[in-house]
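A.B. asks: Straight out of Swiss-Prot:
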- Ser65: phosphoserine (MOD_RES)
- 71-96: region 'Disordered' (REGION)
- 77-237: region 'Necessary for PINK1-dependent localization to mitochondria' (REGION)
- Thr80: phosphothreonine (MOD_RES)
- 80-93: compositional bias 'Polar residues' (COMPBIAS)
- Thr175: phosphothreonine (MOD_RES)
- 204-238: region 'SYT11 binding 1' (REGION)
- Thr217: phosphothreonine (MOD_RES)
- 234-465: region 'TRIAD supradomain' (REGION)
- Cys253, His257, Cys289, Cys293: Zn(2+) 2 binding site (BINDING)
- 257-293: region 'SYT11 binding 2' (REGION)
- Cys332, Cys337, Cys352, Cys360: Zn(2+) 3 binding site (BINDING)
- Lys349: ISG15 cross-link (CROSSLNK)
- Cys365, Cys368, His373, Cys377: Zn(2+) 4 binding site (BINDING)
- Lys369: ISG15 cross-link (CROSSLNK)
- 378-410: region 'REP' (REGION)
- Cys446, Cys449, Cys457, His461: Zn(2+) 6 binding site (BINDING)
Amino acid sequence: MIVFVRFNSSYGFPVEVDSDTSIFQLKEVVAKRQGVPADQLRVIFAGKELQNHLTVQNCDLEQQSIVHIVQRPQRKSHETNASGGDKPQSTPEGSIWEPRSLTRVDLSSHILPADSVGLAVILDTDSKSDSEAARGPEAKPTYHSFFVYCKGPCHKVQPGKLRVQCGTCRQATLTLAQGPSCWDDVLIPNRMSGECQSPDCPGTRAEFFFKCGAHPTSDKDTSVALNLITNNSRSIPCIACTDVRNPVLVFQCNHRHVICLDCFHLYCVTRLNDRQFVHDAQLGYSLPCVAGCPNSLIKELHHFRILGEEQYNRYQQYGAEECVLQMGGVLCPRPGCGAGLLPEQGQKKVTCEGGNGLGCGFVFCRDCKEAYHEGECDSMFEASGATSQAYRVDQRAAEQARWEEASKETIKKTTKPCPRCNVPIEKNGGCMHMKCPQPQCKLEWCWNCGCEWNRACMGDHWFDV
């Protein structure tokens, strides 16, 4: 396979590697090509420095992945905490916790909350993939943490890849001080920091971005993350068709209703045909949960890219028209025109201005939308609801399509009481080191043994699955 190496952030070149090629071997190839000592090279990928003993497969490097290699002398601080503080001291047995790459982070617990503590953002499937990756290429995990809309060449929802770059030099040479734990860490600027490894760059600000995971991408290829779309790890039936599909979209209502992407597409098109999208002053043109739950408008409007190019263009047009109407304007009623106009308040005679080739020149009545006339309007009809295509949801299906109900069942199966205060605590992946969230307790204990955390637990089964 081929990986692309960017050396000192200046230029890139391809390097042929195997899945079992070590990072040190990759350094040796680059060092020979560049005429520099291999021990001065540092390999940066997805927000962390890759250690010499790791292999290409262990690091989740895929065909035509881009890695950054910088020439920088080793420092004493690097020996203990080279990758941003995620690596603890060696255990008595010598086991070392490698800092977790962005390729293994899962933020769905932020959108799909549970009562977890500790490393709640790492799902059980992610922990399994750690051990599976070491067994060979045939065990490569199929679980996808992120989904994006790829505008090209895919033109559809695809698994995504989370990446990070330095906010100063805009190179992907920044190692994170700690990994993101929620979507806000990724989507809100200036929340996360690290250390840029590029020579002469003092940058510490992390900037996250996403790429389509279905095809090789260049440095500049980015895609928008769809944070409501997730793997249907709990096998929740779709609220509309009641089938168990994957992936699914989870609305941000209290019940976290689940809908498959095909039914979400139909829901959007139906509401679009009826012009029943909601115009929100802050969010824009959006839709609530299909069950009509309050306070559930979709905030990330790129989810409507699922409509496809033609319908999405119509969505944008209707959104712009709705904005004009909200401002007190009118739309030209002549077929094929529909220009947005802002006549004076109380002005009955409206002319679709023909300036700049935007208007058609049609003169119409503001009240009845017919050709302009003197006197009373002959007839006025309510446009809304005349041809409404009702999109109804079965109440029983709505009750079964709740992500939170499945979450409660999961919690029952995955919780253990704190050994000191008996408060139930859920383990949602990650290590065996638990901490009671109760302020009066805060006991650190071992999930495996059920006793207070000690050095024996640390050395014996800290990271057992």
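Cβ atoms here come from the backbone N, Cα and C positions, even for glycine.
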A.B. asks: Spatially speaking, which of the recorded positions Ser65, Thr217, Cys293 is closest to Cys457 (Zn(2+) 6 binding site)? Use C-alpha to C-alpha, please.
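C.D. replies: Smallest Cα separation from Cys457 (Zn(2+) 6 binding site) among Ser65, Thr217, Cys293: Ser65.
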A.B. asks: Among the modified residues Ser65, Thr175, Thr217, which residue has the fewest other Cβ atoms within 10 Å of its own Cβ?
C.D. replies: Thr217
A.B. asks: Would you count the other CB atoms within 10 A of the CB of Lys349 (ISG15 cross-link), including those on all shown protein chains?
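C.D. replies: Lys349 (ISG15 cross-link): 12 neighbouring Cβ atoms within 10 Å.
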A.B. asks: Would you list, in sequence order, the recorded positions among Lys349, Cys360, His461 whose CA lies within 10 Å of the CA of His373 (Zn(2+) 4 binding site)?
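C.D. replies: Within 10 Å Cα-Cα: Lys349.
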A.B. asks: Measuring Cα to Cα, how far is Cys365 (Zn(2+) 4 binding site) from Lys349 (ISG15 cross-link) in Å?
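C.D. replies: If we compare the Cα positions of Cys365 (Zn(2+) 4 binding site) and Lys349 (ISG15 cross-link), the gap is 5 Å.
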A.B. asks: Centre the Cβ atoms of Cys253, His257, Cys289, Cys293, go out 8 Å, and tell me which other residues of that chain have a Cβ in range of the Zn(2+) 2 site.
C.D. replies: Phe251, Gln252, Asn254, His255, Arg256, Pro288, Val290, Ala291, Gly292, Ser296
A.B. asks: For each of Cys337, Cys365, Cys377, Cys446, count the other CB atoms within 10 A of its CB; which of these binding-site residues has the top count?
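C.D. replies: The largest 10 Å Cβ neighbour count belongs to Cys446.
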A.B. asks: Which of His257, Lys369 (the recorded positions) has the most other Cβ atoms within 10 Å?
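C.D. replies: Compared across His257, Lys369, the most Cβ atoms within 10 Å surround His257.
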